[in-house]
Amino acid sequence: MLILASQSPRRAELLSQIGVPFTTLSADIDETILPGETPEIYVQRLAKQKAQAGWQASVDIAENRLALGADTVVVIHEQVLGKPENFDDARRMLQRLSGQKHQVFTAVTITSGDQCESILVKTDVTFCDLTTSQIEEYWQTGEPRDKAGSYAIQGIGGKFVTHIKGSYSAVVGLPLYETNQLLSRMSLAHEC
């Protein structure tokens, strides 16, 4: 039994593409960045905490279970861009991303309670130059409101991406190849 410790519909959709049956549970954790924590360490810590929280929360569901936690952050010049609090916050983020290359880090952890496997995937994403009116129009679609970095590559925000180097599915929220490899190591995946 696999538990996806996430309420993200994007992660659930991606995980279903691997072909492994799973159940979703919410993993409520404190997502505050710790002082001196790099973006890479931060995203890996959150993925691990989510997996552990999912494993603990699913104790009544199945004895033999794995829990998968994942987290994705958008980073530019070593600064993590989270989900925007309001339009001004989203505008600032999108202005910073405008015409620039940034990184998207996605970490995935799978735990069986006593065993833990983790991966970190880095993807470079380059944006076109954005005008103020493009940013305002994009905000009005509602899409940026709950997205790290204020954009969704799989949605309307994809039209701003001029180049991607790495895993598209990792930018969406779950790197398929790497997740399948983790599941294989934990004996639950379909082989390539």
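Cβ coordinates come from backbone N, Cα and C, glycine included.
According to Swiss-Prot, the feature active site, proton acceptor maps to D71, an assignment based on sequence analysis. The site 'Important for substrate specificity' annotation in Swiss-Prot covers R10, T72, Q154 and rests on sequence analysis.
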Quiz item: Could you tell me the C-alpha distance between T72 (site 'Important for substrate specificity') and R10 (site 'Important for substrate specificity') in angstrom, no decimals?
Solution: 12
Quiz item: Counting Cβ atoms within 10 Å across all protein chains shown, which of the recorded sites T72, Q154 comes out on top?
Solution: T72
Exercise. Please compare the recorded positions R10, D71 by how many other CB atoms fall within 10 Å of each one's CB, and tell me which has the fewest.
Key: R10
Quiz item: C-alpha of D71 (active site, proton acceptor) to C-alpha of R10 (site 'Important for substrate specificity'): distance in Å?
Solution: 12
Self-check item: Inter-residue C-alpha distance, R10 (site 'Important for substrate specificity') and Q154 (site 'Important for substrate specificity') (nearest angstrom)
Solution: 9
Self-check item: R10 (site 'Important for substrate specificity') - helix vs strand vs coil (DSSP)
Solution: helix
